[in-house]
């Protein structure tokens, strides 16, 4: 009677990445062979990259040392080029070591294939000696970097760094006053909040208010006086579209503001500046408009907390405030727009009691996007859309019915063919 074959001990295959009890015959299975061939092909591509730096040694930058790394499948070791002066120097020395050769033989004897491919996965000592001589031709490893920018003293294949350094050298050679003399006329960012500073130049011809900026025509204003603009030696001729150093605009001499004219609230003129228009920090309470024309929103109004617009005495204000529901009193009084909300509640109570309130807020401050974005539900918006669609179909049908219909007799293909002949 034949005895059953004894099973081998369970072991882990590093190539297939699973445990098995098949023993030494596992390396002849098709799955193991395919996994082994793909693993060795990946390692051949890695060692080919290392051989490239073996023939062409190049200096390794400190910021690239952590990225230059190789995983050795035979030694189960991650080779990181930390502290290396040349690219793949540690990997070259590792692949030429005797321990690496020993691990290759153990791996191939356990997992296959034959031993005739050992030289494909290692580097000979003769190649390492040639590489060391080439590295010595670069000079000392400590003097391989030149300057704080990391520019190489020897030859380098890094064209991006070379171009970057050449660009920086060209920029440094350009004088500062040449750069300042070419100011762009692009849109500048807001210097102040919309509700803090408003430019009042309504009397000046050629000035158009557009949001928080001014559009001025060059033909309306001459150049400013260079001697008195207070910019020092390299003075810049400032046109009407250009900003000055403090955010003001250049205008005609007949609109100059002298230093002695302090009666305007919020106006300020720096000493030594001639030909500058005064900018008033006071905001006109009668100004309307929407968000595009620079009007302040009602919750950021400068008169928050001031009920002067509501023409009532203190007793009436206290009486209307007492009518506010108790749950609203629990809200944070320092929240955004709290003063505007309180004022609006009082105005609503006044409207209910019959008082007439004056409001300077433009109802079109925010643009009207229509339908569900402005008011109403999605269902109501859909009904409005369907009504408009039906009206459009009716108008199209009426326009088509108005045209006279031409009725033509049917002509067969044979008759058309004969008439064509």
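Every residue gets a Cβ built from N, Cα and C, even glycine.
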The annotated motif 'Nuclear localization signal 2' range in Swiss-Prot, which must be one of 361-368, 369-376, 377-384: 377-384
Range annotated as zinc finger - as stated in Swiss-Prot, picked from 39-69, 70-100: 70-100
Matching range for Swiss-Prot feature annotation, region 'Disordered', among 279-306, 307-334: 279-306
